[in-house]
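Copied from Swiss-Prot, the annotated features are:
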BINDING   Glu225, Arg260, Tyr400  substrate binding site
TRANSIT   1-25  transit peptide
Amino acid sequence: MISQNIIKIIQKSNKRYFSSSNELKKTALNELHKELGAKMVPFCGWEMPVQYPAGVMKEHLHVRKESGLFDVSHMGQLRIHGKDRVKFFESIVVADLQALPTGHSKLSVFTNEKGGIIDDTMITNAGDSLYVVVNAGCADKDISHINEKIKEFKSVNPTHDVSMQLLEDLSLIAIQGPTTESILQKFVKDQDITNMEFMTQRPMTIAGIDCIVTRCGYTGEDGFEISVPSKQAVRLAELFLATSNASIESGIKPAGLGARDSLRLEAGLCLYGHDLNDDITPIEASLNWLISKRRREEGGFPGASIIQKQLQKDGCPQKRVGVIINGAPAREGCLILDPSTNQEIGKVTSGTISPITRQSISMAYVKTPFSKIGTQVNVSIRGKPITATISKMPFVPTNYKKL
(Lines of atoms letter the chains of each structure in order from A and count residues from 1; the text may use other names and numbers.)
(Lines give C-alpha, C1' and ligand atoms only; values in the text may rest on other atoms or scores of the structure.)
Protein backbone atom coordinates (compact mmCIF):
# COMPACT_ATOMS: atom_id res chain seq x y z
CA MET A 1 0.00 0.00 0.00
CA ILE A 2 2.74 2.48 0.94
CA SER A 3 4.67 1.71 -2.25
CA GLN A 4 1.67 2.44 -4.46
CA ASN A 5 0.79 5.59 -2.50
CA ILE A 6 4.27 7.04 -2.94
CA ILE A 7 4.33 6.22 -6.66
CA LYS A 8 0.97 7.95 -7.13
CA ILE A 9 2.22 11.01 -5.25
CA ILE A 10 5.34 11.24 -7.40
CA GLN A 11 3.45 10.73 -10.64
CA LYS A 12 0.37 12.88 -9.98
CA SER A 13 0.86 15.48 -7.28
CA ASN A 14 2.82 18.09 -9.21
CA LYS A 15 2.58 17.43 -12.91
CA ARG A 16 4.66 20.42 -13.96
CA TYR A 17 7.69 18.42 -12.80
CA PHE A 18 6.91 15.56 -15.18
CA SER A 19 7.53 15.38 -18.88
CA SER A 20 5.48 13.48 -21.43
CA SER A 21 8.06 14.17 -24.12
CA ASN A 22 9.61 11.30 -26.01
CA GLU A 23 12.91 13.13 -25.74
CA LEU A 24 13.56 12.37 -22.09
CA LYS A 25 17.12 12.87 -20.94
CA LYS A 26 18.92 9.84 -19.57
CA THR A 27 21.57 9.59 -16.89
CA ALA A 28 24.72 7.53 -17.34
CA LEU A 29 23.11 4.84 -15.14
CA ASN A 30 19.94 4.54 -17.24
CA GLU A 31 20.69 1.12 -18.73
CA LEU A 32 21.89 -0.19 -15.36
CA HIS A 33 18.56 0.79 -13.79
CA LYS A 34 16.72 -1.19 -16.45
CA GLU A 35 19.01 -4.19 -16.02
CA LEU A 36 18.16 -4.09 -12.31
CA GLY A 37 14.44 -4.23 -13.15
CA ALA A 38 13.58 -0.65 -12.23
CA LYS A 39 10.19 0.84 -13.01
CA MET A 40 11.14 3.93 -15.02
CA VAL A 41 9.09 7.13 -15.05
CA PRO A 42 9.46 10.59 -16.62
CA PHE A 43 10.61 13.05 -13.96
CA CYS A 44 11.73 16.64 -14.55
CA GLY A 45 12.44 15.81 -18.19
CA TRP A 46 14.51 12.74 -17.27
CA GLU A 47 13.77 9.02 -17.38
CA MET A 48 14.33 7.97 -13.76
CA PRO A 49 13.77 4.86 -11.59
CA VAL A 50 10.82 5.22 -9.21
CA GLN A 51 11.35 1.78 -7.67
CA TYR A 52 13.08 -1.58 -8.16
CA PRO A 53 11.55 -5.09 -7.85
CA ALA A 54 11.92 -5.11 -4.05
CA GLY A 55 9.46 -2.21 -3.82
CA VAL A 56 9.48 1.19 -2.13
CA MET A 57 8.86 -0.15 1.39
CA LYS A 58 11.85 -2.52 1.34
CA GLU A 59 14.07 0.09 -0.28
CA HIS A 60 13.10 2.61 2.40
CA LEU A 61 13.72 0.20 5.28
CA HIS A 62 17.04 -0.95 3.80
CA VAL A 63 18.30 2.64 3.74
CA ARG A 64 17.27 3.09 7.38
CA LYS A 65 18.98 -0.17 8.44
CA GLU A 66 21.82 -0.64 5.94
CA SER A 67 22.60 1.44 2.83
CA GLY A 68 20.94 2.45 -0.42
CA LEU A 69 22.19 3.85 -3.72
CA PHE A 70 20.33 6.68 -5.46
CA ASP A 71 21.03 8.06 -8.92
CA VAL A 72 20.74 11.83 -8.51
CA SER A 73 22.56 12.69 -11.73
CA HIS A 74 19.51 14.59 -12.96
CA MET A 75 20.39 17.35 -10.51
CA GLY A 76 22.44 20.25 -11.82
CA GLN A 77 26.11 20.57 -10.85
CA LEU A 78 27.81 23.97 -11.30
CA ARG A 79 30.95 25.83 -10.36
CA ILE A 80 31.10 29.56 -9.74
CA HIS A 81 34.55 30.98 -10.50
CA GLY A 82 36.25 34.34 -10.07
CA LYS A 83 37.62 36.47 -7.24
CA ASP A 84 34.20 38.08 -6.69
CA ARG A 85 32.31 34.76 -6.57
CA VAL A 86 31.39 35.00 -2.86
CA LYS A 87 30.20 38.61 -3.12
CA PHE A 88 28.17 37.72 -6.19
CA PHE A 89 26.59 34.57 -4.81
CA GLU A 90 25.66 36.28 -1.55
CA SER A 91 23.66 38.72 -3.69
CA ILE A 92 21.34 35.91 -4.86
CA VAL A 93 21.19 33.47 -1.90
CA VAL A 94 20.59 33.97 1.84
CA ALA A 95 23.72 32.05 2.95
CA ASP A 96 26.68 33.54 4.80
CA LEU A 97 29.39 32.38 2.41
CA GLN A 98 32.06 34.68 3.86
CA ALA A 99 32.00 32.49 6.97
CA LEU A 100 31.99 29.17 5.09
CA PRO A 101 35.37 27.43 5.55
CA THR A 102 37.11 25.74 2.64
CA GLY A 103 35.80 22.22 2.18
CA HIS A 104 32.53 22.91 3.99
CA SER A 105 29.02 22.81 2.52
CA LYS A 106 25.84 24.70 3.33
CA LEU A 107 22.18 24.42 2.38
CA SER A 108 20.69 27.68 1.15
CA VAL A 109 17.95 29.13 -1.03
CA PHE A 110 17.76 31.50 -3.98
CA THR A 111 15.15 34.19 -3.29
CA ASN A 112 13.15 36.57 -5.45
CA GLU A 113 12.23 40.19 -4.77
CA LYS A 114 9.16 39.06 -2.78
CA GLY A 115 11.35 36.89 -0.56
CA GLY A 116 9.94 33.76 -2.19
CA ILE A 117 12.13 30.71 -2.74
CA ILE A 118 13.26 30.21 -6.35
CA ASP A 119 15.00 26.95 -5.40
CA ASP A 120 16.97 25.37 -2.58
CA THR A 121 20.62 24.59 -3.25
CA MET A 122 23.75 23.06 -1.76
CA ILE A 123 26.83 25.30 -1.84
CA THR A 124 30.38 24.16 -1.07
CA ASN A 125 33.44 26.36 -0.63
CA ALA A 126 35.79 24.40 -2.88
CA GLY A 127 38.70 26.77 -2.30
CA ASP A 128 39.19 28.12 -5.80
CA SER A 129 35.47 28.06 -6.64
CA LEU A 130 31.98 27.49 -5.26
CA TYR A 131 30.54 24.05 -6.07
CA VAL A 132 26.76 24.30 -6.38
CA VAL A 133 24.05 21.64 -6.75
CA VAL A 134 20.52 22.62 -7.82
CA ASN A 135 17.30 20.64 -8.16
CA ALA A 136 16.55 18.87 -11.43
CA GLY A 137 13.12 20.45 -11.77
CA CYS A 138 14.61 23.94 -11.39
CA ALA A 139 17.99 23.47 -13.11
CA ASP A 140 17.16 25.33 -16.33
CA LYS A 141 15.43 28.11 -14.39
CA ASP A 142 18.31 28.38 -11.92
CA ILE A 143 20.98 28.48 -14.61
CA SER A 144 19.13 31.23 -16.49
CA HIS A 145 18.65 33.12 -13.23
CA ILE A 146 22.35 32.91 -12.33
CA ASN A 147 23.41 33.97 -15.82
CA GLU A 148 21.08 36.97 -15.72
CA LYS A 149 22.33 37.97 -12.27
CA ILE A 150 25.96 37.68 -13.43
CA LYS A 151 25.16 40.14 -16.23
CA GLU A 152 23.56 42.54 -13.73
CA PHE A 153 26.50 42.15 -11.34
CA LYS A 154 29.01 42.99 -14.07
CA SER A 155 26.91 45.87 -15.39
CA VAL A 156 27.28 47.60 -12.02
CA ASN A 157 31.06 47.23 -12.19
CA PRO A 158 32.68 45.79 -15.35
CA THR A 159 35.74 44.76 -13.32
CA HIS A 160 33.70 42.27 -11.29
CA ASP A 161 35.23 38.84 -11.80
CA VAL A 162 32.69 35.99 -11.74
CA SER A 163 31.64 33.22 -14.13
CA MET A 164 29.61 30.00 -14.11
CA GLN A 165 30.70 26.57 -15.36
CA LEU A 166 28.18 23.79 -16.02
CA LEU A 167 29.58 20.39 -15.00
CA GLU A 168 27.76 18.42 -17.68
CA ASP A 169 30.29 15.58 -17.87
CA LEU A 170 29.75 14.57 -14.24
CA SER A 171 27.21 12.22 -12.67
CA LEU A 172 26.00 12.32 -9.07
CA ILE A 173 25.51 9.16 -7.00
CA ALA A 174 24.18 9.22 -3.43
CA ILE A 175 24.83 6.36 -1.00
CA GLN A 176 22.83 6.67 2.21
CA GLY A 177 22.38 4.69 5.40
CA PRO A 178 24.10 3.69 8.66
CA THR A 179 26.50 1.17 7.08
CA THR A 180 27.54 3.47 4.23
CA GLU A 181 30.71 4.78 5.89
CA SER A 182 32.18 1.33 6.54
CA ILE A 183 31.35 0.16 3.01
CA LEU A 184 32.80 3.24 1.32
CA GLN A 185 35.97 2.98 3.42
CA LYS A 186 36.70 -0.43 1.85
CA PHE A 187 37.01 1.27 -1.54
CA VAL A 188 39.07 4.23 -0.27
CA LYS A 189 42.65 3.21 0.51
CA ASP A 190 44.50 6.50 0.95
CA GLN A 191 42.46 8.32 3.61
CA ASP A 192 40.37 7.76 6.72
CA ILE A 193 36.79 8.83 6.07
CA THR A 194 35.60 8.15 9.63
CA ASN A 195 36.87 11.62 10.62
CA MET A 196 35.03 13.35 7.76
CA GLU A 197 32.46 15.77 9.18
CA PHE A 198 28.84 16.04 8.08
CA MET A 199 28.43 18.77 5.42
CA THR A 200 32.05 18.70 4.30
CA GLN A 201 33.60 17.81 0.96
CA ARG A 202 36.83 16.11 -0.11
CA PRO A 203 38.52 14.90 -3.27
CA MET A 204 38.54 11.12 -2.97
CA THR A 205 39.85 8.22 -5.01
CA ILE A 206 37.29 5.40 -4.86
CA ALA A 207 38.49 2.09 -6.32
CA GLY A 208 40.87 4.06 -8.52
CA ILE A 209 38.22 6.56 -9.68
CA ASP A 210 38.84 10.23 -8.88
CA CYS A 211 35.70 11.73 -7.34
CA ILE A 212 34.50 14.70 -5.31
CA VAL A 213 32.63 13.46 -2.23
CA THR A 214 30.32 15.45 0.04
CA ARG A 215 29.09 13.99 3.33
CA CYS A 216 25.42 14.93 3.08
CA GLY A 217 22.15 13.56 1.82
CA TYR A 218 18.39 13.77 1.59
CA THR A 219 17.27 10.89 3.79
CA GLY A 220 18.05 11.84 7.39
CA GLU A 221 20.76 9.16 7.46
CA ASP A 222 24.52 9.41 7.28
CA GLY A 223 25.70 9.25 3.71
CA PHE A 224 27.67 10.68 0.83
CA GLU A 225 26.96 12.34 -2.51
CA ILE A 226 29.64 11.41 -5.02
CA SER A 227 30.37 13.55 -8.07
CA VAL A 228 31.97 11.17 -10.54
CA PRO A 229 32.96 11.41 -14.23
CA SER A 230 29.98 10.05 -16.16
CA LYS A 231 32.22 7.62 -18.03
CA GLN A 232 33.04 5.97 -14.69
CA ALA A 233 29.58 6.18 -13.11
CA VAL A 234 28.35 2.70 -14.06
CA ARG A 235 31.54 1.06 -12.83
CA LEU A 236 31.31 2.89 -9.51
CA ALA A 237 27.63 2.04 -9.04
CA GLU A 238 28.25 -1.62 -9.86
CA LEU A 239 31.07 -1.79 -7.32
CA PHE A 240 28.77 -0.45 -4.62
CA LEU A 241 25.87 -2.72 -5.58
CA ALA A 242 28.17 -5.76 -5.62
CA THR A 243 28.41 -5.42 -1.82
CA SER A 244 24.89 -6.90 -1.70
CA ASN A 245 22.74 -9.38 -3.59
CA ALA A 246 19.24 -10.85 -3.50
CA SER A 247 20.17 -13.47 -0.92
CA ILE A 248 21.58 -11.12 1.74
CA GLU A 249 20.09 -8.11 3.51
CA SER A 250 23.34 -6.21 4.07
CA GLY A 251 25.37 -4.04 1.71
CA ILE A 252 24.23 -1.33 -0.69
CA LYS A 253 21.00 -1.91 -2.62
CA PRO A 254 19.43 0.32 -5.27
CA ALA A 255 16.65 2.74 -4.27
CA GLY A 256 14.43 4.91 -6.43
CA LEU A 257 12.47 8.14 -6.34
CA GLY A 258 9.70 6.55 -4.27
CA ALA A 259 11.96 5.66 -1.35
CA ARG A 260 13.79 8.98 -1.69
CA ASP A 261 10.49 10.80 -1.23
CA SER A 262 9.29 8.81 1.80
CA LEU A 263 12.73 9.01 3.44
CA ARG A 264 12.99 12.78 3.05
CA LEU A 265 9.45 13.25 4.37
CA GLU A 266 10.20 11.22 7.51
CA ALA A 267 13.32 13.37 7.93
CA GLY A 268 11.29 16.58 7.63
CA LEU A 269 13.13 17.70 4.49
CA CYS A 270 11.42 19.90 1.91
CA LEU A 271 10.74 19.02 -1.72
CA TYR A 272 10.75 22.00 -4.05
CA GLY A 273 7.48 22.44 -5.94
CA HIS A 274 5.58 20.85 -3.06
CA ASP A 275 6.79 22.21 0.30
CA LEU A 276 8.65 25.18 -1.21
CA ASN A 277 7.84 27.52 -4.08
CA ASP A 278 8.45 31.06 -5.25
CA ASP A 279 5.59 32.44 -3.14
CA ILE A 280 6.86 30.94 0.13
CA THR A 281 9.62 32.68 2.08
CA PRO A 282 12.34 30.91 4.10
CA ILE A 283 10.68 32.15 7.30
CA GLU A 284 7.29 30.74 6.35
CA ALA A 285 9.09 27.50 5.47
CA SER A 286 10.59 27.35 8.99
CA LEU A 287 14.06 27.69 7.47
CA ASN A 288 15.13 30.66 9.62
CA TRP A 289 18.33 28.77 10.48
CA LEU A 290 19.56 29.21 6.91
CA ILE A 291 20.07 32.93 7.55
CA SER A 292 22.98 33.91 9.80
CA LYS A 293 22.98 36.90 12.15
CA ARG A 294 25.15 38.92 9.74
CA ARG A 295 22.85 38.27 6.79
CA ARG A 296 19.75 39.03 8.86
CA GLU A 297 21.25 42.38 9.82
CA GLU A 298 22.90 43.32 6.52
CA GLY A 299 20.43 41.81 4.05
CA GLY A 300 21.79 42.22 0.55
CA PHE A 301 19.82 39.35 -1.00
CA PRO A 302 16.56 39.59 -2.99
CA GLY A 303 13.51 40.09 -0.78
CA ALA A 304 15.65 40.87 2.27
CA SER A 305 13.36 43.63 3.57
CA ILE A 306 10.33 41.31 3.51
CA ILE A 307 12.24 38.47 5.16
CA GLN A 308 13.65 40.81 7.82
CA LYS A 309 10.11 41.92 8.71
CA GLN A 310 8.95 38.30 8.95
CA LEU A 311 11.78 37.57 11.37
CA GLN A 312 10.22 40.00 13.83
CA LYS A 313 7.75 38.71 16.42
CA ASP A 314 4.34 38.02 14.85
CA GLY A 315 5.73 39.04 11.46
CA CYS A 316 5.08 35.77 9.64
CA PRO A 317 1.53 34.89 8.51
CA GLN A 318 2.02 31.13 8.09
CA LYS A 319 4.46 28.38 9.06
CA ARG A 320 5.52 25.00 7.68
CA VAL A 321 4.72 22.33 10.26
CA GLY A 322 4.60 18.60 10.71
CA VAL A 323 1.20 16.94 11.08
CA ILE A 324 0.39 13.47 12.45
CA ILE A 325 -3.05 12.35 11.31
CA ASN A 326 -5.25 9.82 13.08
CA GLY A 327 -6.21 7.93 9.95
CA ALA A 328 -5.49 7.66 6.25
CA PRO A 329 -2.60 9.66 4.77
CA ALA A 330 -3.40 13.17 3.58
CA ARG A 331 -2.36 14.11 0.08
CA GLU A 332 -1.02 17.40 -1.21
CA GLY A 333 -3.80 19.98 -1.22
CA CYS A 334 -5.87 18.53 1.62
CA LEU A 335 -7.24 21.33 3.78
CA ILE A 336 -6.25 21.85 7.42
CA LEU A 337 -9.25 23.00 9.48
CA ASP A 338 -9.79 24.72 12.82
CA PRO A 339 -11.76 22.10 14.82
CA SER A 340 -13.75 24.77 16.67
CA THR A 341 -14.98 26.65 13.58
CA ASN A 342 -14.34 24.25 10.69
CA GLN A 343 -12.62 27.15 8.91
CA GLU A 344 -9.61 26.55 6.65
CA ILE A 345 -6.31 27.38 8.37
CA GLY A 346 -3.84 25.73 6.00
CA LYS A 347 -3.03 23.05 3.44
CA VAL A 348 -1.05 19.83 3.27
CA THR A 349 1.98 19.94 0.94
CA SER A 350 3.34 16.37 1.33
CA GLY A 351 2.01 13.25 3.00
CA THR A 352 2.41 9.49 3.35
CA ILE A 353 2.36 6.65 5.87
CA SER A 354 5.72 6.46 7.63
CA PRO A 355 7.31 3.04 7.03
CA ILE A 356 9.09 3.42 10.39
CA THR A 357 6.38 4.74 12.75
CA ARG A 358 3.40 3.45 10.69
CA GLN A 359 1.71 6.80 11.34
CA SER A 360 0.13 9.02 8.74
CA ILE A 361 2.56 11.94 8.47
CA SER A 362 2.36 15.17 6.52
CA MET A 363 3.98 18.52 6.01
CA ALA A 364 1.64 21.48 5.82
CA TYR A 365 1.43 25.25 6.01
CA VAL A 366 -0.89 26.63 8.69
CA LYS A 367 -1.67 30.09 9.97
CA THR A 368 0.97 30.97 12.56
CA PRO A 369 -1.36 30.92 15.62
CA PHE A 370 -2.02 27.22 14.87
CA SER A 371 1.64 26.26 14.37
CA LYS A 372 2.54 25.39 17.96
CA ILE A 373 3.54 21.75 18.49
CA GLY A 374 0.69 19.82 20.07
CA THR A 375 -2.08 21.96 18.56
CA GLN A 376 -5.12 19.88 17.63
CA VAL A 377 -6.46 20.38 14.10
CA ASN A 378 -8.63 18.56 11.58
CA VAL A 379 -7.55 17.48 8.11
CA SER A 380 -10.18 17.19 5.40
CA ILE A 381 -9.64 13.84 3.65
CA ARG A 382 -12.18 12.94 0.95
CA GLY A 383 -14.49 15.54 2.44
CA LYS A 384 -14.35 14.17 5.98
CA PRO A 385 -12.62 15.94 8.90
CA ILE A 386 -9.97 13.66 10.45
CA THR A 387 -8.37 14.59 13.77
CA ALA A 388 -4.66 15.43 13.68
CA THR A 389 -1.90 17.00 15.77
CA ILE A 390 0.76 19.56 14.85
CA SER A 391 4.06 17.72 15.32
CA LYS A 392 7.73 18.47 15.52
CA MET A 393 9.93 17.41 12.61
CA PRO A 394 11.75 15.23 11.78
CA PHE A 395 9.19 12.50 12.36
CA VAL A 396 12.00 9.98 13.01
CA PRO A 397 15.44 10.65 14.56
CA THR A 398 18.12 11.72 12.11
CA ASN A 399 21.47 9.92 12.08
CA TYR A 400 23.87 12.45 10.60
CA LYS A 401 27.57 11.91 11.31
CA LYS A 402 28.78 13.43 14.55
CA LEU A 403 32.45 13.58 15.50
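A Cβ is built for glycine as well, from the same backbone N, Cα and C atoms used for every other residue.
Since this is a predicted model, take the numbers as computed values, not measurements.
Taking the features listed in Swiss-Prot, we show where each one sits on the structure.
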residue	record	Cβ neighbours (10 Å)
Glu225	substrate binding site	24
Arg260	substrate binding site	29
Tyr400	substrate binding site	15
In the three-state scheme derived from DSSP, which category covers Glu225 (substrate binding site)? strand
